[in-house]
Structure formats: C-alpha cells, structure tokens
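Straight from TrEMBL, the features:
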BINDING   A:Leu20, A:Asn27, A:Lys157  xanthine binding site
BINDING   A:Ala129, A:Asn130, A:Gly131, A:Ala132, A:Ala133  5-phospho-alpha-D-ribose 1-diphosphate binding site
Protein chains: 2
Amino acid sequence: MKVLKERILRDGRVIMPDILKVDSFLNHQIDVALFDEIGKEFARRFQKERINKILTIESSGIALAVMTARYFHDCPVVFVKKANSKIMDPHAYKAKVHSFTKNNDYTAQCAKAYLGPEDHILIIDDFLANGAAVGGMLEICKQAQAHVEGVGIVIEKGFQEGHDKIVSQGIHLESLAIIDHFENGQVVFK
Amino acid sequence: MKVLKERILRDGRVIMPDILKVDSFLNHQIDVALFDEIGKEFARRFQKERINKILTIESSGIALAVMTARYFHDCPVVFVKKANSKIMDPHAYKAKVHSFTKNNDYTAQCAKAYLGPEDHILIIDDFLANGAAVGGMLEICKQAQAHVEGVGIVIEKGFQEGHDKIVSQGIHLESLAIIDHFENGQVVFK
C-alpha cells in the first residue's frame, strides 16, 4: 500500500535495532483519513471472503478494526481484552500471550457471548512480528469454533516468524507494508 | 440520544448495585453503525466549538473518538495510554488516575509531541462516573497548555461526582445518556 509505505518512511522512527515507532500516525496519535484508506484496502484484499465480524486486540487494533468494519457493511467489531477487570465476564475464551514489546505475559480474553461457530472472522492488527498476539486471537477463535477467513496486518516485520506461523495454517494473510530489514536506522520494504 | 437510551434499556445489564454492563455493543463488542450515530451526535452538540484534535484514553474510548473524528474533518485522535511500555516516549505528560472499575491506580501518559498549546481539544470517553479518567485527561491537557473545548461522554452516571467536577471548571460537558439511578436492576434515565 503505497501511501502507507511513504508515510512510514516519512514519519516512522527506528529505535533500538529492530523497533519501528509509528506513534505519530498509527498507535498513539491516529491519522483518521489514513485509517479510512487502510480499511478500504483491507476490504479490497478480503472482498472474496465471507466476513461477518472483525476481531482485534486492545488497544492499537481497535481503531483499525472499526475503520475496516465500515467497509464490511458496518459488521460488529469485537476486541479481545488483555487484563482481568472486575466486570470481565468469567465465561470467556482465554489464551496466554507473550508480549515481546512489553516483555511480559498476559491473558487475552473474549467473552463467549460474542464469538461462536456462526462467525466468519477477519482478524485485524497493527503489527505482525513474532505472531504472538495474532496467535492468541487464533487460539480464541479455535475455542469458539469460529471460522477465520483472514488476517489483515498494517505493518509486518517480514524477517520474523509471525508470517510463517499464520500461512502454514492455510490462513489468508494480507500485510499492507512488509519490512524486509532495517539498514542504518532506515526501513527497507520487501 | 434516543437510539442510545433504547439500546441501553434493551441490551444493558445491571450487575452489582451500580455497574452497568454494555459490552454487547459499547466496550467489548462494538456496534459500528451506532458508533457512527454517536459521532454524528457529538459533532452536532459541539458544532460551535473550535476543535482540531480529539483526546481519549485506551481502550474503550478509542473507537468512539475515531468515529467522532470522522465528523470533525478527520481531525487527529490521540489516545492516552495507561501503562508503561518499553517503547513509550519518556518525554510524556503524566497523570495518576484511580480506576474504580479495576480498583487500582495507573499512570495516564501522553507523549509531549502530540499535545500542545496550539490544540483545541474535545475529550471523548465511554463512561463518566467519578470523573477519574476525564480528570487525568484534563490534567494532561493542562500540562500541555492545550485548550479543552469540551468533554463528550456516552453514558454518565448522574448520581456520581464526575459531572460536577467537570462543569465546575467551566467546561462544556455533553453526555448522550444520563443515568439518574438504578431501580430493581433497571436503568432509570434522568
């Protein structure tokens, strides 16, 4: 997706050896017009799939999922939660996920009421690296016997293992910008 | 807002003495078409304010803020973060907030780059009860010398102190559904 790659090159910042910071437009401040374009692009790439619900994980996935749902006839969005709150449904699908960014484990949870065998799911997330968060969502869909029709990612780190973990399960994966490697603090796309 | 109040009466569930659970359409599963109506209604109520940025707090506020921004010429959304991550900007505005829902304290943080004296802010959130989360956002705006033009809330618990805390500062507050009290496990609107 050309406009996204240009934006990453212009406003993204590479810190530490392999962290790309895009919080000026993607996951702290949100460029709403760009998100609309991203939603439209996901709809184009998954137009042949039968999708009735979009699944994502808090927090950065939520805005992307909602803007994508606009292009799937305003289908519902369900966002998986990361922590246990006092009012979290005790009847929830659960998956343990390791966050490499925050270097901790959390339990991804989704109330059973909002996911089931009748659902044809598009999973949306901002980043794909090791595939931990997407793996947690796939595990939750499996528990719910929901059908995963696709996984849509905004930025994929093509040199990490998340990609293979997903496509080896026969799942339709679309990433709008795939990073091949970093070179002198710059992003090089595949 | 009639359609919202009807939805709360139909799908909301009152648990414990004073907790309203609306996660079937507001803060776990998201009714995207309803959120579009909510965004349109906030735009109508704040049409006289000069707003160039929408501020919210993760996670439940994000989808509401983005759908509202659609009606403010796709202005940027900034979402305040609740936890410290490895890649969080160390140069951030910070405010300590007590969560009554989760019964813990957290530090609300917003990178300094995304909020400043040039900003005219609409704060959006899903619930207003004690006003703790909104209070944290107001504190962050104060540190940034940003101008708060209004606070837009989806569901206000009118019997708690959040309302007075905000309007006593001369801030334009709009709540789309105001709960007067709970009666036999039912919501009674003001």
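Any Cβ shown, glycine's included, is placed from N, Cα and C.
Since the structure is predicted, the reported quantities are computational estimates derived from the model, not experimental observations.
Annotated features, which come from TrEMBL, shown on the structure.
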residue  : record                                              : Cβ within 10 Å
A:Leu20  : xanthine binding site                               : 20
A:Asn27  : xanthine binding site                               : 21
A:Ala129 : 5-phospho-alpha-D-ribose 1-diphosphate binding site : 23
A:Asn130 : 5-phospho-alpha-D-ribose 1-diphosphate binding site : 16
A:Gly131 : 5-phospho-alpha-D-ribose 1-diphosphate binding site : 22
A:Ala132 : 5-phospho-alpha-D-ribose 1-diphosphate binding site : 21
A:Ala133 : 5-phospho-alpha-D-ribose 1-diphosphate binding site : 29
A:Lys157 : xanthine binding site                               : 23
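Rounded to the nearest whole angstrom, the C-alpha distance between A:Lys157 (xanthine binding site) and A:Ala132 (5-phospho-alpha-D-ribose 1-diphosphate binding site) is 13. Taking the centroid of the Cβ atoms of A:Ala129, A:Asn130, A:Gly131, A:Ala132, A:Ala133 as the 5-phospho-alpha-D-ribose 1-diphosphate site, the other same-chain residues with Cβ within 8 Å of it are A:Phe100, A:Phe127, A:Leu128, A:Val134, A:Gly135, A:Gln160, A:Gly162. In this structure the alpha carbons, written CA, of A:Asn27 (xanthine binding site) and A:Asn130 (5-phospho-alpha-D-ribose 1-diphosphate binding site) are 18 Å apart.
Within 8 A of the CB centroid of the xanthine site residues A:Leu20, A:Asn27, A:Lys157, the other residues of that chain are A:Gly12, A:Ile19, A:Lys21, A:Val22, A:Leu26, A:Asp126, A:Phe127, A:Ala129, A:Ile155, A:Ile179. Cα to Cα, A:Ala129 (5-phospho-alpha-D-ribose 1-diphosphate binding site) and A:Leu20 (xanthine binding site) are separated by 11 Å.
If you measure from the Cα atom of A:Leu20 (xanthine binding site) to that of A:Asn130 (5-phospho-alpha-D-ribose 1-diphosphate binding site), you get 14 Å. The maximal spread of the xanthine binding site, taken as the longest Cα to Cα distance among A:Leu20, A:Asn27, A:Lys157, is 16 Å.
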